[in-house]
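Here is the structure we will look at.
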Amino acid sequence: MATTSFSLPNHKFGIKLMLFLVLNLLSLQTSVFAHSSNSKFTKISRHPNSDSSSRTKPSTSSNKGFLSSVQLSLDHALFARSLAFNLTLSHRTSQTLMLDPVNDCLELLDDTLDMLYRIVVIKRKDHVNDDVHTWLSAALTNQETCKQSLSEKSSFNKEGIAIDSFARNLTGLLTNSLDMFVSDKQKSSSSSNLTGGRKLLSDHDFPTWVSSSDRKLLEASVEELRPHAVVAADGSGTHMSVAEALASLEKGSGRSVIHLTAGTYKENLNIPSKQKNVMLVGDGKGKTVIVGSRSNRGGWNTYQSATVAAMGDGFIARDITFVNSAGPNSEQAVALRVGSDRSVVYRCSIDGYQDSLYTLSKRQFYRETDITGTVDFIFGNSAVVFQSCNLVSRKGSSDQNYVTAQGRSDPNQNTGISIHNCRITGSTKTYLGRPWKQYSRTVVMQSFIDGSIHPSGWSPWSSNFALKTLYYGEFGNSGPGSSVSGRVSWAGYHPALTLTEAQGFTVSGFIDGNSWLPSTGVVFDSGLL
């Protein structure tokens, strides 16, 4: 991965800000931990509705202490980022294997800095609880991911150890900030728009920040699009590779559209966090194909193995097939990794074996998309809803597969996997999921489940790990594999969610989709069917 430079939206970290952060570090530590000692940070309930997002403004009670806590996290993230960046400069000609996870941490720290900056410095009036909750949850996930990338290398030098230490310290600070936020968060949640109903694109649905020209663009068919770039392998477009087209996009806040004409593109692509609102439009599943073959067995860590990685907020993919062709014996091999907030994948295909789709972080929505794999082929720690998708377990090197491995590491994170009105099928014995992290959260609702799913439904990760703290649930499913009579009896498993509980995992209740999905032009069901 190329080293990225951190830039703030419409701002740059200058020398004065650097000095300001340094001078404030010790005083912030004192004020934050004094606040911590006088506060009881109660964990939110495992009940899904207790952390369903409300569209209210953040609470002003204890706001100063909370912002000081986030500022302290921002300071530490900046120091860690500086350390990682300096390490890449001093070791560019050596220790290239060690630099892979360092570059991962560098990119993740850039993303974290951007989110924390928005909370502390910008403090825009339209930032609501769901935004702040999402950013803090994602920032915490970023540090967990950095540590995971570092751990996948068998050894690294003292600088790498220092980065790992910074990541662990930052994890603690972010956990504290998240605790403070949730304890102060208003508990009221809107009950409107939870009764279901298909939501279609209409003019009044667009938020004020979507321009009229963008609305017309997002409503348009491929033939009507006026893309900023056209990729064609035969040279008939503006570019012959997707990477060239991405590099040609001008910086700005508007939507950038790239049309990928029918063909197979053998590339590994990274859309960094600073490249926002990118829309990739193909000519259809199986017609426009992006394929890579990186894998853990081939020397790439999980994060870097992705054929396509989208970190910039507002990412949209439509009518494209994403493939990792590494094969069933290659261990972790990601076809698509998404860490983009308010992202949409529509009418696409994601094809791999182990770890096909990495839903890394933030709010995501998948509609009418086929996802194929073997072990943990949907994993990560985003807040994600799958609707009208085909989840297909294929034959691999093992005799049993797992559809999901959700990675929620803190009970205050507003993350999880919601599979709604989908088809789950397979050609080998398969489990709906297993807990990758302590507070793993996954629900399957109003979906068809075929006979490939094991009667127990869910599998442990290792022994009794997370069986009491996970949250797994089912609601209104059908098909030969949908019976809950033989399911696991774990404390964290809910065989029959109530109507109210299930509503908490819908598009409107879980990812606040009514506020942003209309602007994308995608059809979606806001509530239960």
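Just so it is clear, glycine is given a Cβ too, placed from its N, Cα and C backbone atoms.
Feature annotations, reproduced from Swiss-Prot:
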BINDING   T302, Q332, R434, W436  substrate binding site
CARBOHYD  N86  N-linked glycosylation site
CARBOHYD  N169  N-linked glycosylation site
CARBOHYD  N193  N-linked glycosylation site
REGION    228-514  region 'Pectinesterase 35'
SIGNAL    1-34  signal peptide
SITE      Q354  site 'Transition state stabilizer'
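Mapped onto this structure are the features recorded in Swiss-Prot.
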| residue | record | contacts (Cβ under 8 Å, 6+ apart) |
| --- | --- | --- |
| N86 | N-linked glycosylation site | none |
| N169 | N-linked glycosylation site | H76 |
| T302 | substrate binding site | Q148, S149, E152, N296, Q332, V334, D355, Y358 |
| Q354 | site 'Transition state stabilizer' | P328, S330, E331, Q332, A333, G373, T374, V375, D376, F377, G396 |
| R434 | substrate binding site | D376, Y402, T404, A405, S440, W458, S459, P460, W461 |
| W436 | substrate binding site | D376, F379, A405, Q406, G407, W461 |
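Its own atom aside, the Cβ of Q332 (substrate binding site) has 24 Cβ atoms within 10 angstroms in the protein chains shown. Of the residues the record lists as binding substrate, namely T302, Q332, R434, W436, the two whose Cα atoms sit farthest apart are 18 Å from each other.
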